[in-house]
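What Swiss-Prot says about this protein:
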type: SIGNAL; residues: 1-16; note: signal peptide
type: DISULFID; residues: Cys42-Cys131; note: disulfide bond
type: DISULFID; residues: Cys44-Cys60; note: disulfide bond
type: DISULFID; residues: Cys59-Cys111; note: disulfide bond
type: DISULFID; residues: Cys65-Cys138; note: disulfide bond
type: DISULFID; residues: Cys66-Cys104; note: disulfide bond
type: DISULFID; residues: Cys73-Cys97; note: disulfide bond
type: DISULFID; residues: Cys91-Cys102; note: disulfide bond
type: REGION; residues: 121-133; note: region 'Important for membrane-damaging activities in eukaryotes and bacteria'
Amino acid sequence: MRALWIVAVWLIGVEGSVVELGKMIIQETGKSPFPSYTSYGCFCGGGEKGTPKDATDRCCFVHSCCYDKLPDCSPKTDRYKYQRENGEIICENSTSCKKRICECDKAVAVCLRENLQTYNKKYTYYPNFLCKGEPEKC
């Protein structure tokens with residue numbers, strides 16, 4: 001089942017290290033990334049057009065912007081390590097890129113937790129064609 005979840009998330013287009021990001025999201029929100037966030041709104045799971053639908057979707061927009069600031073890194077493939085201390089995610093200091101990718105993923109997981117009250121099931125599996133126009137600048 002876990003392998004199926006990982007493959008499904010990867011195919012849908014979640015960026016970053018799928019395993020680590022997925023664990024962070026589960027730990028912070030209590031929600032499984034698939035299906036909760038893999039195609040939520042206009043920015044969670046890809047797409048990246050139009051305006052974020054709510055604060056949850058905005059978390060994914062900001063996450064995409066964070067990755068955009070790492071042009072010399074490979075956030076889709078670089079795996080990193082982190083641990084939790086006193087309920088907080090601590091990114092390990094392996095390489096500069098891996099640490100910065102981890103910090104981007106940590107930020108989105110915390111943002112999703114802080115905005116759980118805005119999560120709206122009507123934006124799960126939101127049709128990408130409804131996301132029109134250029135996104136705002138990061």
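Yeah, the Cβs are placed from backbone N, Cα and C, and that goes for glycine too.
A map of Swiss-Prot features onto the structure.
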residue	record	Cβ contacts under 8 Å, 6 or more apart
Cys42	disulfide bond	Glu48, Lys49, Gly50, Thr51, Pro52, Lys53, Asp57, Phe61, Tyr126, Asn128, Leu130, Cys131, Pro135
Cys44	disulfide bond	Tyr37, Thr38, Thr56, Asp57, Cys59, Cys60
Cys66	disulfide bond	Glu103, Cys104, Ala107, Val108
Cys91	disulfide bond	Tyr80, Tyr82, Lys99, Cys102, Glu103, Lys106
Cys97	disulfide bond	Leu70, Asp72, Cys73, Ser74, Asp78
Cys138	disulfide bond	Val62, Ser64, Cys65, Asp68, Lys69
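Around the Cβ of Cys111 (disulfide bond), the number of neighbouring Cβ atoms within 10 Å comes to 18.
Of all the disulfide-bonded residues given, namely Cys60, Cys65, Cys102, Cys104, the one with the smallest number of surrounding CB atoms inside 10 A is Cys65. Figure note: comparing Cβ neighbours within 10 Å for the disulfide-bonded residues Cys59, Cys73, Cys131, the maximum is reached by Cys59.
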